[in-house]
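Below is one structure, written out as structure tokens; comments come after it.
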Amino acid sequence: MSASKKDYKRVTTKSLIEMKADGEKISMLTAYDFSMAKIVDAAGVDVILVGDSASNVMAGHETTLPITLDQMIYHASSVVRAISRSLVVVDLPFGSYQSDAKEALRSAIRIMKESGGHAVKLEGGSEVKDSIKKILNAGIPVMGHLGLTPQSIYKFGTYTVRAKEEEEADKLMKDAKLLEKLGCFAIVIEKVPAHLAEKVAKSISIPVIGIGAGGGVDGQVLVIHDMLGMNNEFSPRFLRRYLSLYEEMTTAIGQYVNDVKSSDFPNEKEQY
Ligand code: KIV
């Protein structure tokens, strides 16, 4: 069920670089559990991101900061058991890579060994360069994440669009080039002006995957709960909702409650 130009039986980090070179857009969605990952993989999504957004959508935290490395490994291992084609990228959570490069490597190794994920993602540019180098030197593929980096929300203060001013836009461009030079295989760019994201994508050879970064980049990522409409409280401009599952599910569950209360369920055919 895939709209790929080439038939990738298994998507690898190399396939993504090839897709960019061929002008084929990359599809990426989050998943955090076995059942959802099975559906996402079967639908032909190239990359499954076990995002630290699990902290928000799975655990109900206000930010991505509280989720732990153990919890990320639990989510990622459930996802890995479900997939047969997609590349699985796992977020390094807040506090697992910022203090020093050795700790970053230890955290990345735990993710790869204990979850079976195929690559890690971490937030930031020059500030985390030593951590990125150390992880890459161990043979672990790294995806970068620039622009709005939710693990730094208390530094930014808000979730508004980043890099509107020249100074921040210049830093973002420099960081993207640095991540490419270090050997990252792709970069997520979140919530920046579309013209800037497009300029970055055209300036580097590795794929830029955008969220709220316009259509001029090499691929798109969304949080699955948002695009399926499971959450009816979050409506940023960049979000396209493909279903209204919040309404559909509450209606279905309400119907079940009525059927139980009225003794309509189970009927004669639904019992032994
Ligand atoms: O954690 C996450 O879901 C992410 C995406 C928003 C890119 O990092």
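Every residue number used here counts from 1 along the chain in the order it is shown.
Just so you know, glycine gets a Cβ as well, placed from its N, Cα and C.
Note that TrEMBL annotation is computational and uncurated.
The Mg(2+) site recorded in TrEMBL comprises Asp52, Glu123 together with one of Asp7, Asp91, Asp170, namely Asp91. With respect to ligand 1, the binding-site residues Asp52, Ser53, Lys121, Glu123 contribute Asp52, Ser53 as residues with a C-beta closer than 6 angstroms to one of its atoms, given in sequence order.
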